[in-house]
Amino acid sequence: MSSASPRPSRPSSTSPASSSSPSAAGTPGPALLALPAGAPDIPPSADPLVPLGWDESWRQTWADLLADAPTGAVPGRVARSGRGRCDVLVATHDGAVSVAPDDGVVTVTAAWAPALERAVAADPVQVPAAGDWVVVVPVAGARTGAVERVLPRRTAVVRAQVARGSSYGQVLAANADVVAVAEGMAPDVDLARIERLLALAWSSGAEPYVVLTKADLPAEPDVLAAEVAEVAPGAPVLAVSALTGAGLEPLRDRLRGGATVALVGASGAGKSTLLNALVGGDVMSTRALRVDGKGRHTTVTRELHLVPGGGAVLDTPGLRTIGLAGEEALDDVFAEIEDLASRCRFADCAHRTEPGCAVLAAVEDGTLPQRRLDSHRKLLRELEHQAARVDSRLRAELTGRARVQQRAYRRYPLRP
Ligand SMILES: Nc1nc2c(ncn2[C@@H]2O[C@H](COP(=O)(O)OP(=O)(O)OP(=O)(O)O)[C@@H](O)[C@H]2O)c(=O)[nH]1
Ligand SMILES: [Mg+2]
Ligand SMILES: [Zn+2]
């Protein structure tokens, strides 16, 4: 590999976590007791981290790490991340504290420990991102502490970034079970944008959803949703309204099961409004908000929120550019084109002028929209162009880790 190694992902433009969190350090709260590693012996069902997604598999990972963990280490989940520190949700552990707010989970503002600084320097992927599970050592009696390391991710929404000759991946959301591509039904639906975001979602290793917001606005939301379903093979398409609450049940179901739903989409798609509807409050009106000239709140940080009743929602700022990497994801996004291509006469058919091309035949007889083929070509070209610039290290990071996990999430059997 060249000397150009991936750089750590940058935090978003504003100050980190601590200043935006009402429960951050400095405010009076319940005392935190740093517990010795390995203790206490909380029955899994009573662990307040369970609604946050802490499951048997994470517990196992934790047990494996414990030998190397410093005294007092506890597991925590990153809610917000900034350069050098992050807000981490940890269990208050009943009995150890007086009164536990937020269902036994409290926010600790933790600085990177020297061990993490070293790990990040050696491997920039180790930068804690919103949604990451981390090893944290809270300071007894204070809502501060130190983050020691990041637990290996199950899934990651990673945006490829290329700057000044070096490439790096920016983790937009870690350990999401569902990556929901949010797109407003009004003023209009942008199919190409949905396809592009779906590629990002598929390559994360999580389960992709399309969530069409503002379903209260168009005259025929069902017709629109059916149109979108055509471009989203393998992904559930939901038409929802945060205003009326319509269509939210499938997401609520997933959350009740302890799932983490990450919201990605353009600015103004309605992600934060959806977050508020799911969390049942106005969580985004008091933190990490900027009111622009039009009086609209624009999210500027990636934030994980615990949902009362279980699960977590990870809100992200609107994406203006979406760097893609990993051609494999396009096979999922354009699954029907892949199927057709397997029936072309030539194995290396480019679907342009070749005789016996099943893809062109489908366009000819109207079963495959020309727009869909054009969109596929455009994203493919973009990926090929990018592949020349993105180094192999990043490619592995973007495609390798997540793909292993993805198999478990696939809704359809793999094509041979
Ligand atoms: N009618 C209607 N309007 C909605 C709905 N959801 C969101 N909106 C409106 O859409 C606008 C944008 O919503 P936001 O939630 O701020 O969008 P966002 O995706 O978080 O935007 P960024 O933070 O900039 O990425 C706001 O004016 C919302 O009131 C809905 O279900 N129905
Ligand atoms: Mg927002
Ligand atoms: Zn062909």
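Glycine is no exception: its Cβ is also placed from the backbone N, Cα and C atoms.
Taken from TrEMBL as is:
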type    : residues                                                                     : note
REGION  : 1-48                                                                         : region 'Disordered'
DOMAIN  : 166-322                                                                      : domain 'CP-type G'
DOMAIN  : 174-320                                                                      : domain 'EngC GTPase'
BINDING : T213, K214, A215, D216, G265, A266, S267, G268, A269, G270, K271, S272, T273 : GTP binding site
BINDING : C344, C349, H351, C357                                                       : Zn(2+) binding site
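All features noted in TrEMBL, drawn onto the structure.
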residue: T213; record: GTP binding site; Cβ within 10 Å: 28
residue: G265; record: GTP binding site; Cβ within 10 Å: 23
residue: S267; record: GTP binding site; Cβ within 10 Å: 13
residue: A269; record: GTP binding site; Cβ within 10 Å: 24
residue: K271; record: GTP binding site; Cβ within 10 Å: 28
residue: T273; record: GTP binding site; Cβ within 10 Å: 20
residue: C344; record: Zn(2+) binding site; Cβ within 10 Å: 19
residue: C349; record: Zn(2+) binding site; Cβ within 10 Å: 20
residue: H351; record: Zn(2+) binding site; Cβ within 10 Å: 21
residue: C357; record: Zn(2+) binding site; Cβ within 10 Å: 21
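Here T213 (GTP binding site) is positioned 38 angstrom away from C344 (Zn(2+) binding site), judged by their C-alpha atoms. Distances between the Cα of A215 (GTP binding site) and those of the binding-site residues C349, H351, C357 are shortest for H351. Nearest in space to G265 (GTP binding site), taking C-alpha to C-alpha distance over the binding-site residues C349, H351, C357, is H351. Checking the binding-site residues S267, A269, T273, C344, C349 for a CB within less than 6 Å of any atom of ligand 1 leaves S267, A269, T273, listed in sequence order. Classification of A215 (GTP binding site) by DSSP places it in coil, neither helical nor stranded. A Cα-Cα distance of 40 Å separates K271 (GTP binding site) from C349 (Zn(2+) binding site). Taken residue by residue with DSSP, C349 (Zn(2+) binding site) is part of neither helix nor strand, so it is coil. Of all the Cβ atoms in the protein chains shown, 23 others lie within 10 Å of the Cβ of A215 (GTP binding site). For the pair formed by H351 (Zn(2+) binding site) and S267 (GTP binding site), distance between Cα atoms is given as 35 Å, rounded to the nearest Å.
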